[in-house]
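All remarks here apply to the structure that follows.
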Amino acid sequence: MNTEPTPQPLVVAIDGPSGSGKSSTARGVARRLGLDFLDTGAMYRACAWEAARTGAETPEQIAAVVTAAELQVTTDPDDPRISINGTDVTREIRDPEVSATVSRVATVPEVRVDLVLRQQQIIGEATRGIVAEGRDITTVVAPHAPVRVLLVADPDARVARRQAELGEKVDTAQVTDQVIRRDRDDSTVATFTEAAEGVTVVDSTHLSLDEVVDRIVRLAEEAAR
Ligand SMILES: Nc1ncnc2c1ncn2[C@@H]1O[C@H](COP(=O)(O)OP(=O)(O)O)[C@@H](O)[C@H]1O
Ligand SMILES: Nc1ccn([C@H]2C[C@H](O)[C@@H](COP(=O)(O)OP(=O)(O)O)O2)c(=O)n1
C-alpha cells in the first residue's frame, strides 16, 4: 500500500504595493508552473465598479452591495476574467475612475471579510495549485502557503511603470495619486509594506520581469523538495 501522503496543490502567495509587478509576475509564475492565477485586486475593483454603478456611497451601502453580489472569477493565467452580477467587467475595472475609488471599497471591513472568504474558496478549489496576488495574501488569505513573497520596488519605478502602461490617458499627477496615495490608504487595512515572518522579499526595482519570475519559480521548486 502506498503510504506517501497525497501532495497538496501548491499555493504561491504574492503581496506588494501598486506597480511592484504583482499581476505580471504572478501570471508568469502560474504559466511556468502550470498553475491557476488569482488577481484579488480585480475582485476589489469589480466591487468598486458595482458600487459606482448602483450609487452606493456610505460604507453600509457599499457593504450591502458587495455581500449581495454574484462574483464570477476565472483563473486561467492566459485569460483571467471577472464578472459581477452577470456583467463582464474585465476591461472596465482598469479605468482610472475605478483606480481612484477602489480604496474606499477595499477599506470597508465587511467587504474584506466577504472577499477574503471568496478568495479562500477559489484557492481551496484550485486542484492544480494557484498563484494568488494582492495585499493580504501572505498574511490573511493564505498565511500557510508554502511560498510567500512580498514584491517591492522603489516608488519612482512603480509610478514610471504605471505611467508607461497607461500612456497618454492620464497625467503624472493622476498616476502618482493612483499609486502612492492609494498605497497609503490601502496600507491602513493590510500590511504589505513590511514582510511578515517567513515571507521572502523580492525587490524588482532593478530586475526584469523574467528575472523576478525566475526567482519565484526557484522558491517554489525549493518548497516542493
Ligand atoms: N520587473 C519588472 N520590470 C519592469 N517592468 C515591470 C516589472 N514587473 C512588472 N512590470 C511592468 O510594470 C507594470 C505594472 O505591473 P503590474 O504587474 O500590473 O503591477 P501590480 O500588479 O503590482 O500593480 C506593467 O506594465 C508591467 O509590465
Ligand atoms: N488582497 C487585496 C488586493 C487588492 N486590494 C485593494 C487595494 C488596491 O487599491 C485595489 C486594487 O488592487 P490591484 O492589485 O488591482 O491594484 P494595482 O494593480 O496594484 O494597482 O484593491 C486589497 O485591499 N486587498
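If you go along the chain as it appears here, the first residue is 1 and each next one adds 1.
Cβ atoms are placed via backbone N, Cα and C, with glycine included.
Where the annotation comes from TrEMBL, it is an automatic prediction and has not been curated.
If you check TrEMBL, you get these features:
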type	residues	note
REGION	1-25	region 'Disordered'
DOMAIN	12-221	domain 'Cytidylate kinase'
BINDING	G16, P17, S18, G19, S20, G21, K22, S23, S24	ATP binding site
Can you work out the mean pLDDT of the predicted model over the domain 'Cytidylate kinase' (12-221)?
94
For ligand 2, which among the binding-site residues G16, S18, S20, S24 have a CB under 6 Å from it?
S18
Minimum Cβ neighbour count within 10 Å among the binding-site residues S18, S20, S24: which residue?
S24
For K22 (ATP binding site), what residues in its own chain, 6 or more apart in sequence, show a Cβ-Cβ distance under 8 Å?
I14, D15, G16, G41, E133, G134, L151
Kindly report the helix/strand/coil residue split of the region 'Disordered' (1-25) according to DSSP, in that order.
4 helix, 5 strand, 16 coil
Taking the center of the Cβ atoms of G16, P17, S18, G19, S20, G21, K22, S23, S24 at the recorded ATP site, which other residues in this chain have a Cβ no more than 8 Å from that point?
T25, E133, L151, A153, R158, S204
